[in-house]
Amino acid sequence: MIPMILYASETGNAQDTAERVARAFRANGRAVTCLPMDQFPISALPHTYLLILLTSTHGRGDPPPAMLPLWTALLRSSLPEDILEDVHFALFGLGDSSYERFCYAGKMLLRRMEQLGATKMGEPAWGDERSPNGIEDAFLPWLQQTLDLYLPYLPLISPTPKIIESTVLPPPIYKISPASTSKSVEHDLSLERLSISFPIPNGKPAPVRVEDQARDKASTSRTKPDDWVWATLKKNIRLTSKDWWQDVREIELEFDDPDTKPYTAGSICSLQPQSREDDVNMFLEMMELTSQADEVVTIESLLDEQPLPSHLPPAGTPTTLRSLLTNHLDIRYSPRKSFFEWLRRLSTNEMERERLDEFISDPDEIHTYATRPSRTIVETLADFRFTRIPMSHILEILPPLRRRQFSIASSWEDHPGKVQLLVALIEYKTNLKIPRKGLCSSWLNGLPVGTRIPIHIASPTLFLPQDPEVPIILVGPGTGVAPMRAFVEIRVRQGAAKNTSLYFGCRSSTTDYFFESEWDVHREKGVKIQVAASRDQEERIYVQHLIKRDKEYVKEWIVDKKGWLFISGSSNAMPREVREAVAWCISKEGAGDMTEEESKAYVEQMFEDKRGGEESW
């Protein structure tokens, strides 16, 4: 009997926490499997006797993308009420109590598991980033409770004594081995097997030979997963004025395959960035691994019950350490507590060990040193120069290089065969000497036009009403206007311009007014477009102020005509304030006849009924 740990992570917190749980079980001599929820075969759930679930919460209390397949299956009305009667589960949710629906995805999952007959093992816990010690305040007692409840059911797989978390390096669970250079491996390294290509502008991908592999810089090669497609960068244009502090780009990608299936407005485009070459070289040099960086290797799991993570190449696939660091592992990640726990096990210097003990025992120390200044793993390792991460543990210690998701800013109908994105280049200063730059945005901006990259198109999270007569109100400040632009294009084509309203927000009409000329054209066709340029007057004006100004028609569209509401943009106060503004418009204070409580409930019910949606980040 092997417990199954399933996690759904948005930024990596839930994955990091799940892996800590797995290490705790293994430290106690027990076997355990740890997987993202979307890698777990759903049909096996009723037969999974011991289950441990960890999930973060996405957007307005929504499940993270990795949880959606499992969650959708659990919501099927045809499921018997006792289908999970053999399942015993523990649950830990991660969230931030400053948000309205704190740990909502975890709470929904808990309720549904119990509805289907599953039995709780102990009380669930909710990790709160706002707690004095972050999620640790809830996690550590919950972990001990879970171990106490589960361990008696599990046989010891090793007679070795319990590993002391902070001082002893546990055995590796993954292995990096030299690959044979036989002809069969040479064939495996071909383009057909690995889908490796080099970004030669306007060129075709070049095949890789074994004898060239050690010389080629893996940082310039890409692999394409089966469900991704090739696209070519056609356009990279700055939309903000040159003297404006923020650089926002319109990126256009063209599908290489003319038979690519059209995407739907509201769809999401995923990109897989690459680590910077200088960071990779610095890591290799500090870890004294430069001489091994370009040797052809394969990877495998050393535990039968633990498959390789999905962010790594499949077992047996020839690769190099340089390629792993460039395409699969994130060395610019800001380290969490678990990373410092690993360093504590590896350090050979007494002063370093004392400093690492301080980090492990005090979350504020980690926040001050790493989180607040966005210090990276590479920079952290430079500070702990007596610590080396061995090849045997690199795959376990370094976090995955996560794909980045962007709302598609175009409709297929207006831009056939192309995807347009609105990308803000992230750059800011902290107390560190070197300015911080977003990994994906800086990587994307550095690609020359003509570069071929793999992209993935995911199903929409926002859907237009099927009936074009239904009025819609779109609210998209800043880069949040991306999916709204696609919706406006579709509605104009449907002849529904007069039933479409857009509220766009920017700092100034002269600096960051995205797609201004397009909005002028759409206005002439009947689209109601209101722009809140917050800094163009003495008193700052935001989209929620314009919504309140238009209270009569907002009430008419939302209540009388049963219109839809869409909100997209930053997940700070904006979405909540927009919902409150709409609720005010339909209340007695505005232009309606509802009480304050009734109007807020009406807006919430709109989202429950899928009369619109919210996309925030």
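Backbone N, Cα and C atoms are what each Cβ position is placed from, and that goes for glycine too.
For 3-147, the entry in Swiss-Prot reads domain 'Flavodoxin-like'.
Cβ neighbours within 10 Å of Ser56 (FMN binding site), excluding its own Cβ and spanning all shown chains: 26. DSSP gives Ser56 (FMN binding site) a coil state; it is part of no helix or strand. Taken from Swiss-Prot, the feature FMN binding site applies to 9-14, 56-59, 94-103, Glu129.
The annotation domain 'FAD-binding FR-type' is assigned in Swiss-Prot to 226-465.
Residue environment of Phe406 (FAD binding site) contains 23 other Cβ atoms, counted within 10 Å of its Cβ in all protein chains. For Arg404, Gln405, Phe406, Ser407, Gly438, Leu439, Cys440, Ser441, Trp617, the entry in Swiss-Prot reads FAD binding site.
Under the DSSP three-state reduction, Val543 (NADP(+) binding site) is assigned to helix. Around Val543 (NADP(+) binding site), the same-chain residues six or more apart in sequence whose CB sits under 8 Å from its CB are Val475, Pro477, Tyr503, Phe504, Gly505, Gln530, Ala532, Met574, Val578, listed in sequence order. Per Swiss-Prot, NADP(+) binding site is recorded for Thr479, Ser534, Arg535, Arg540, Ile541, Tyr542, Val543, Gln544.
Each of the binding-site residues Cys440, Ile541 was ranked by the number of other C-beta atoms within 10 Å, and first place falls to Cys440. Calculated from their C-alpha atoms, the gap between Gln544 (NADP(+) binding site) and Trp617 (FAD binding site) amounts to 18 Å. When every Cα pair among Arg404, Gln405, Phe406, Ser407, Gly438, Leu439, Cys440, Ser441, Trp617 is compared, the largest distance found for this FAD site is 18 Å. Summarising model confidence by region, the domain 'Flavodoxin-like' (3-147) averages a pLDDT of 94.
Cβ neighbour count for Trp617 (FAD binding site): 14 (other Cβ atoms within 10 Å of its Cβ, all protein chains included). Look at the domain 'Flavodoxin-like' (3-147): DSSP puts its residues at 58 helix, 31 strand, 56 coil. When the binding-site residues Gly12, Ser56, Gly59, Ser534, Arg535 are screened for a C-alpha within 10 angstroms of the C-alpha of Trp617 (FAD binding site), the residues that qualify, in sequence order, are Gly59. Whole-number maximum of the Cα to Cα distances across the NADP(+)-binding residues Thr479, Ser534, Arg535, Arg540, Ile541, Tyr542, Val543, Gln544: 19 angstrom.
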